[in-house]
Amino acid sequence: MEEVRVFPLTCAVQNYAWGKIGVDSEVAKLVVGGDPLAVIEEGKPYAELWMGAHPKGDAQIKDNRIAQTTLGQWIAHFPASLGSKVKDTFHGQLPFLFKVLSVNTALSIQAHPNRELAARLHAQFPEHYPDNNHKPEMAIALTRFQGLCGFRPVEEILGFLTSVPEFRALVGNEAAEELQCSMGDAVQTSQVLKKCFTRMMNCEKKVFVDQLNMLVKRVTEEGAAGKDTSSSNGDLLLRLHSQYPGDIGCFSIYFLNHMTLEPGQAMFLGANEPHAYLYGDCIECMACSDNTVRAGLTPKYIDVNTLCEMLSYSPAPATSKIFPCVQDASDPCVSLYDPPVPDFTVMRIQVPASVKQYTVAPVDSASILLVIGGDATATSAAALSDVMLRRGSVLFVSANESVSLHITSQSGMNMFRACCLL
């Protein structure tokens, strides 16, 4: 029998505590859209949908003509489906993990190691760093999405050191003055910024908890009196403190850019870039790794020394962290998010309501297609039978296969596709 090379997937859901609850979660809505029989439990968080072949969440194949039950097993049997370049470069593995995240409470202050550091951490602490791969990642907003990303311009950090005495107490007067004096010398600034951040992160627990309590009390009282608390970043401080009381991560808002992405906007997080997701729903794509170095806003293992050593201390404005997408030259429906790493590229495919026949073009890479909105019947020589697509459907497409869509919805189609364009 001819081998099926395009098929639907049932994807793993991760119920991490920070996820949006029940049907408020975009993840939950997509799960029910893709499988009307799925049961969503009210009161349970639906944090992540994993679309890929990662051993912690290998997708199930929804086609009973296929002997293998998971995508990872199937790719192991048919590595040519990856595309010859991808297969050789990534040793027969799907190089990316595609996700949807629904964030209700903040994720930890974190960064991901480069390959060299990942290998070292994995060798020394395999229980905390489960593999030896780097983990660059990109987030594309589905709803308004808030996060922290990269160090703020020094002027902004100095502004907070002046207007937030509790923050200055943790950094120390000496380091704060050094930062002021380093202005204009990028190398010097980077070194002093590292000193300031490290001093804060290594502060004795009693000291920072006392300062944090004083700060929260002051901001709460100022807010109650109708004063503007923006010079202390008051709203965000109180929100994070309510989620993680007594956590040093609450002070990171004075060092890191506070980003708000509108739907379709993206941020790319390269190795050693400090970040934390705060609220909203996004598409995420990353190298296939689970290595994360954390240092606050989390109940998980924290590794302050590794984080402070590895970070990229390059101050830059929030606007510089927005990653641009480009129009695909050959298809007006496709926007490309193509980061400066080989492991993955994401395409956003928006088919207008006027178009009823659309072809998902072949690429020389295995790809995963997620339907965010719209209905269609998908046909492909490699599918051997039609596949009904609707909101929440996930389709695996082998390298160099095209898929024809007969669109039945009145409002067109909105899809995201992850692949590896070497």
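Each residue, glycine too, has its Cβ placed from N, Cα and C.
Now, the feature entries from TrEMBL:
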| type | residues | note |
| --- | --- | --- |
| ACT_SITE | ARG294 | active site |
| BINDING | GLN110, HIS112, GLU137, HIS275 | Zn(2+) binding site |
| DOMAIN | 6-154 | domain 'Phosphomannose isomerase type I catalytic' |
| DOMAIN | 170-256 | domain 'Phosphomannose isomerase type I helical insertion' |
| DOMAIN | 336-377 | domain 'Phosphomannose isomerase type I C-terminal' |
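Close to the recorded Zn(2+) site, the chain also has ALA111, LYS135, LEU269, GLU273, THR292: residues not among GLN110, HIS112, GLU137, HIS275 whose Cβ is within 8 Å of the site's Cβ mean position. Counting only same-chain residues 6+ beyond the ends of the domain 'Phosphomannose isomerase type I C-terminal' (336-377), those with a CB under 8 A from a CB of the stretch are 9, 30, 33, 51-52, 75, 81-86, 89-90, 94-96, 98, 100, 134, 136, 138, 140, 142, 264, 266, 268, 270, 283, 285-288, 323, 325-328, 330, 386-422. Broken down by DSSP into helix, strand and coil, the domain 'Phosphomannose isomerase type I helical insertion' (170-256) contains 67 helix, 1 strand, 19 coil. Comparing the recorded positions HIS112, HIS275, ARG294 by how many other C-beta atoms lie within 10 angstroms of each C-beta, the top residue is HIS112. Here ARG294 (active site) is positioned 9 angstrom away from HIS112 (Zn(2+) binding site), judged by their C-alpha atoms. Taking only the Cα positions, the spacing between GLU137 (Zn(2+) binding site) and the residue listed as 'active site' is 16 angstrom. Here the domain 'Phosphomannose isomerase type I catalytic' (6-154) has, by DSSP, the following mix of helix, strand and coil residues: 40 helix, 42 strand, 67 coil. Reported as a whole number, the C-alpha separation between HIS275 (Zn(2+) binding site) and the residue listed as 'active site' equals 10 Å. Regional average pLDDT for the domain 'Phosphomannose isomerase type I catalytic' (6-154) in the model is 96. A distance of 4 Å separates the Cα atom of ARG294 (active site) from that of GLN110 (Zn(2+) binding site). Taking a C-beta cut-off of under 8 angstroms and a sequence separation of 6 or more, GLN110 (Zn(2+) binding site) has the following same-chain neighbours: PRO274, HIS275, ALA276, THR292, VAL293, ARG294, ALA295, THR298, LEU307.
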